[in-house]
Amino acid sequence: MRIDIAAVGRLRNGPEAELVSDYLDRFARTGRSLGLPSVNVIEVEDKRGGGSTAEAELLARAIPSGATLVMLDERGQQPTSPEFADKLAGYRDQARDLCFVIGGADGIDPTLRQRADWQISFGRMVWPHMLVRVMLAEQLYRAATILAGSPYHRA
Ligand SMILES: C[S@@+](CC[C@H](N)C(=O)[O-])C[C@H]1O[C@@H](n2cnc3c(N)ncnc32)[C@H](O)[C@@H]1O
């Protein structure tokens, strides 16, 4: 299994980058004994202003072939954290490669969105894509702690 996050935009040094790095480090440490690999972040950027169509082409090229595509979209399903953890464990047990996809300011182009195996939402409100990266990294870490039976997730 491998896990990638394919995201539009370059995350510069700053609070969001620190949080993503911290949660993904924690995920790697907690996930190791659970058979979960560390997460690789792939960033794409269209400097020619081609919008979501051009970004979709860059994302499609960057997504590892054969990966199961989990797209982040406010219109998607809203799993609970334990449901997300179960799904992650299921993908691991099936040895599937996972690629989470986060769009840019114009969202994920429908041509790419239709390839999604699963669309998940962090609520119906729209969040800035860099915050969505932080939230996804935290939910991955939370999922690992749930699978490990550690007390981080108390609900
Ligand atoms: C600023 S949003 C773009 C919103 C855009 N209006 C659209 O139609 O998708 C940038 C990216 O952040 C992610 N995102 C924003 N809000 C989200 C939410 N509530 N749940 C899941 N992902 C979200 C999506 O991947 C989205 O493509």
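Each residue, glycine too, has its Cβ placed from N, Cα and C.
Unlike curated entries, TrEMBL annotations are predicted automatically.
What TrEMBL records for Leu72, Gly103, Phe122, Gly123, Arg124, Met125, Val126, Trp127 is S-adenosyl-L-methionine binding site.
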Cβ atoms within 10 Å, counted per site: which of Leu72, Met125, Val126 has the most, among these binding-site residues?
Leu72
Nonlocal residues around Gly123 (S-adenosyl-L-methionine binding site), in sequence order (Cβ under 8 Å, 6 or more apart):
Glu74, Gln78
Protein Cβ atoms within 10 Å of Arg124 (S-adenosyl-L-methionine binding site), excluding its own:
8
Shell of the S-adenosyl-L-methionine site beyond Leu72, Gly103, Phe122, Gly123, Arg124, Met125, Val126, Trp127, same chain only (C-beta within 8 angstroms of their C-beta centre):
Asp73, Glu74, Ser121, Val132
Largest pairwise Cα distance, Å, within the listed S-adenosyl-L-methionine binders Leu72, Gly103, Phe122, Gly123, Arg124, Met125, Val126, Trp127?
16
Please give me the CB contact count at 10 A for Phe122 (S-adenosyl-L-methionine binding site), counting all chains in the structure.
17
